[in-house]
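Novice: From Swiss-Prot, here are the annotated features:
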- His59: O2 binding site (BINDING)
- His88: heme b binding site (BINDING)
- 2-142: domain 'Globin' (DOMAIN)
- Ser4: phosphoserine (MOD_RES)
- Lys8: N6-succinyllysine (MOD_RES)
- Lys17: N6-succinyllysine (MOD_RES)
- Lys17: N6-acetyllysine (MOD_RES)
- Tyr25: phosphotyrosine (MOD_RES)
- Ser36: phosphoserine (MOD_RES)
- Lys41: N6-succinyllysine (MOD_RES)
- Ser50: phosphoserine (MOD_RES)
- Thr109: phosphothreonine (MOD_RES)
- Ser132: phosphoserine (MOD_RES)
- Thr138: phosphothreonine (MOD_RES)
- Ser139: phosphoserine (MOD_RES)
Amino acid sequence: MVLSPADKTNVKTAWGKVGGHGGEYGAEALERMFLSFPTTKTYFPHFDLSHGSAQVKGHGKKVADALTLAAAHVDDMPSALSALSDLHAHKLRVDPVNFKLLSHCLLVTLAAHHPAEFTPAVHASLDKFLASVSTVLTSKYR
């Protein structure tokens, strides 16, 4: 999915507001996903999935850091996320639908924390951005 210049600006501005809360928001989005879509828990059999778990917080930070990297390299996400794409395709073998589920939960989390800034235009831009990240992460599945 091609991001317009306005989309790129919206993504960088919105993700910039996440600031030091990336790990917190990532963990919250994961918790939302586990509660709303319980089948996603199967990819984390070794995790303590309880609220506030250090493992969920740690993985939430990894998710946020990957999205920060993608936002910083929005014009070349395939190169920036290549190692992560390899990991998910060849080692973790995550079902691609799970990226869509997590993306939805990330949007809900961002909207809950930044309602004034979460305009329809920002929502659409973030949705396109997350769809692009998902496409990159699943590009090596073949």
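Placement of Cβ uses the backbone N, Cα and C atoms for every residue, glycine included.
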Novice: Out of the recorded positions listed (Ser4, Tyr25, Ser36, Lys41, His88, Ser139), which are within 10 Å of Thr109 (phosphothreonine), Cα to Cα?
Specialist: Tyr25
Novice: Could you round the CA separation between Lys41 (N6-succinyllysine) and Lys8 (N6-succinyllysine) to a whole angstrom and send it over?
Specialist: 32
Novice: If you draw a 10 Å sphere around the Cβ of the residue listed as 'heme b binding site', how many other Cβ atoms fall inside it, taking every protein chain shown into account?
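Specialist: Excluding its own Cβ, the residue listed as 'heme b binding site' sees 21 Cβ atoms within 10 Å.
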Novice: Rounded to the nearest Å, what's the C-alpha distance separating Lys8 (N6-succinyllysine) and Ser139 (phosphoserine)? Just drop the number here, would you?
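Specialist: One finds 21 Å between the Cα atoms of these residues.
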Novice: Rounded to the nearest angstrom, how far is the Cα of Tyr25 (phosphotyrosine) from the Cα of the residue listed as 'O2 binding site'?
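Specialist: A Cα-Cα distance of 11 Å.
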Novice: On a count of neighbouring CB atoms within 10 A, which of the modified residues Ser4, Ser50, Thr109 is highest?
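Specialist: Buried the deepest by this measure is Thr109.
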Novice: Calculate the distance in Å between the alpha carbons (Cα) of the residue listed as 'heme b binding site' and Ser139 (phosphoserine), and round it to a whole number.
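Specialist: Cα to Cα, the residue listed as 'heme b binding site' and Ser139 (phosphoserine) are separated by 10 Å.
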Novice: Nearest to Ser139 (phosphoserine) by Cα distance: which of the modified residues Ser4, Tyr25, Ser36, Ser50 is it?
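Specialist: Of all the candidates listed, Ser4 is nearest in space.
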Novice: From the modified residues Ser4, Tyr25, Ser132, pick the residue whose C-alpha lies nearest to the C-alpha of Thr138 (phosphothreonine).
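Specialist: Minimum Cα distance from Thr138 (phosphothreonine) across Ser4, Tyr25, Ser132 lands on Ser132.
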Novice: Taking the Cβ of Ser36 (phosphoserine) as reference, which residues of that chain separated by at least 6 in sequence fall under 8 Å from it?
Specialist: Leu101, Cys105
Novice: Can you tell me the CA-to-CA distance separating Ser132 (phosphoserine) and Ser4 (phosphoserine), as a whole number of Å?
Specialist: 12
Novice: C-alpha of Lys17 (N6-succinyllysine) to C-alpha of Ser50 (phosphoserine): distance in Å?
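Specialist: Given the Cα positions, Lys17 (N6-succinyllysine) is 27 Å from Ser50 (phosphoserine).
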Novice: Among all the protein chains here, how many other CB atoms are within 10 A of the CB of Thr138 (phosphothreonine)?
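Specialist: Result for Thr138 (phosphothreonine): 18 other Cβ atoms within 10 Å.
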